[in-house]
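Trainee: This structure is in structure tokens; I'll ask about it shortly.
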Amino acid sequence: MGKVLVMLTAAAAVVACSVATVMVRRRMKGRRKWRRVVGLLKDLEEACETPLGRLRQMVDAIAVEMQAGLVSEGGSKLKMLLTFVDDLPNGSETGTYYALHLGGSYFRIIKVHLGGQRSSLEVQDVERHSIPTSLMNSTSEVLFDFLASSLQRFIEKEGNDFSLSQPLKRELAFTFSFPVKQTSISSGVLIKWTKGFAISEMAGEDIAECLQGALNKRGLDIRVAALVNDTVGALSFGHFHDPDTIAAVVFGTGSNACYLERTDAIIKCQNPRTTSGSMVVNMEWGNFWSSRLPRTSYDLELDAESMNSNDMGFEKMIGGMYLGDIVRRVILRMSQESDIFGPISSILSTPFVLRTNSVSAMHEDDTSELQEVARILKDLGVSEVPMKVRKLVVKICDVVTRRAARLAAAGIAGILKKVGRDGSGGGRRSDKQIMRRTVVAVEGGLYLNYRMFREYMDEALRDILGEDVAQHVVVKAMEDGSSIGSALLLASSQSVQTIPSV
């Protein structure tokens with residue numbers, strides 16, 4: 001009996017040792033996998049670093065590219081497109097106008113009434129709709145008929161409300177958030193699609209004529225009287241409320257900027273049609289490129305798999321369309337290197353399935369258990385992850401968003417440097433200037449709705465400029481500014497006004 005007990009005890013000890021060995025091996029294996037994930041995070045942080053010195057080098061590079069783009073066509077990655085806008089709203093405009101805004105993920109229709117004073121601006125009707133994905137790869141006829149039918153329904157809702165004192169033909173501003181080479185304030189040809197649109201036969205077509213043709217087919221007595229880039233609309237809205245506004249930036253699905261430039265600095269345009277001495281320039285800065293940009297392997301993968309590879313590199317690092325997919329790619333890589341996220345789901349492997357608004361929700365999750373992070377991961381096919389993994393995801397969101405926001409700030413500072421509002425004198429006649437109050441209008445869901453992006457960008461801009469200069473620079477957020485501003489610009493173009501030199 002004693003011998004049996006000894007044998008059982010020995011066997012139990014062997015089993016216990018075996019179990020302990022397995023558990024130790026599993027823990028060691030788990031630690032190795034976690035170390036790999038931590039290593040990937042560290043690599044990401046290092047690749048996304050944007051120290052102040054690098055940002056200031058980018059500011060210089062942007063200012064140089066701006067100058068090159070003003071000298072000759074094709075002389076820069078920045079197109080620096082003329083808009084033929086040399087007068088901006090000042091509050092004296094009157095009348096009722098419409099605007100239709102085609103953005104990267106939505107379109108808006110608005111009706112604006114102006115009574116001759118800033119305080120009398122009345123936005124009477126607003127409709128906002130998501131753009132059906134099918135339209136983004138359809139034909140020009142389908143796209144513009146859709147827009148025309150939407151505008152027709154909008155006007156039919158008015159009934160007899162349209163003022164009899166207005167001309168019979170309604171005036172429409174078409175806000176168009178894609179690169180266009182303007183030939184006048186009311187016409188321009190499409191250069192290329194961005195933000196996921198791919199309607200091939202549209203390149204080189206006059207955008208205003210396309211919309212006008214669709215309106216005419218439906219018997220609508222509406223004249224497309226202005227073709228306006230969304231940034232120019234935002235600048236118009238900003239200037240209407242604050243004459244110190246000299247630039248506008250959109251951070252939404254994509255990103256772009258415009259600003260007021262002296263006409264004598266626009267060397268590629270020998271005879272600009274302006275008497276004001278200034279013209280709004282549409283930068284199309286999404287295509288900016290510099291060796292100083294902190295590009296990662298995830299950016300390279302995203303670019304290679306996009307419909308416009310080797311194009312719009314800057315926009316793909318700061319645009320709302322792309323931030324979510326960069327975060328997704330990081331999580332996917334970690335899933336491939338480790339099992340901390342469980343089995344790799346087909347959902348997580350799908351490009352653009354993670355939207356930037358979800359990144360914002362995870363990044364700003366203030367619940368004790370990071371429940372929003374857990375919910376969104378579950379939607380991606382990742383369930384029951386421990387707290388440390390949820391915190392890891394928040395950190396990934398932080399790294400990607402912080403980089404984007406700081407690069408965005410460098411873009412704004414580059415504009416300020418070019419126009420001599422960064423304290424250095426820029427390309428202006430005198431390096432010694434008294435700092436003037438400078439307003440930059442900012443629009444777009446990424447800036448308006450993503451608090452951490454906004455805070456990181458504002459902080460970086462202050463760091464780049466320094467406190468002495470930053471106190472003179474005001475970044476003003478505005479909602480629907482590009483749509484309303486386009487209607488204001490249309491009203492302004494109906495009267496004889498000029499904008500001050502910058």
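For all residues, glycine too, the Cβ spot is worked out from N, Cα and C.
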Trainee: Quick check: of G445, G466, G481, G485, which does Swiss-Prot put in the same ADP site as G104, S105, T253?
Mentor: G445
Trainee: T194, K195, N229, D230, N256, E284 bind D-glucose according to Swiss-Prot; which of E158, E171, E305, E315 goes with them?
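Mentor: Candidate listed by Swiss-Prot for the same site: E315.
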Trainee: Comparing the binding-site residues D230, E284, E315, which residue's C-beta has the most other C-beta atoms within 10 angstroms in this structure?
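Mentor: Of the binding-site residues D230, E284, E315, the highest Cβ count within 10 Å belongs to D230.
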Trainee: In sequence order, which residues at least six apart in the same chain have a CB under 8 Å from the CB of T253 (ADP binding site)?
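Mentor: T253 (ADP binding site) has long-range Cβ partners G103, G104, S105, S177, K195, G319, G320, M321, G444, G445.
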Trainee: Compare all C-alpha positions of T194, K195, N229, D230, N256, E284, E315, the record's D-glucose binders, and send over the largest distance in angstrom.
Mentor: 16
Trainee: Any idea which of the binding-site residues G104, G445 has the thinnest Cβ neighbourhood at 10 Å?
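Mentor: Among the binding-site residues G104, G445, the lowest count of other Cβ atoms within 10 Å belongs to G445.
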Trainee: Take the region 'Hexokinase small subdomain' (90-228) and count its residues per DSSP category (helix H/G/I, strand E/B, coil), listing them in that order.
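Mentor: The counts are 39 helix, 52 strand, 48 coil.
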Trainee: Can you check what DSSP calls E315 (D-glucose binding site), collapsed to helix, strand or coil?
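Mentor: E315 (D-glucose binding site) sits in a helix per DSSP.
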Trainee: I'd like to know which of these binding-site residues, S105, N256, is least surrounded, judged by other CB atoms within 10 A.
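Mentor: Taking S105, N256 as the binding-site residues, the minimal 10 Å Cβ count falls on S105.
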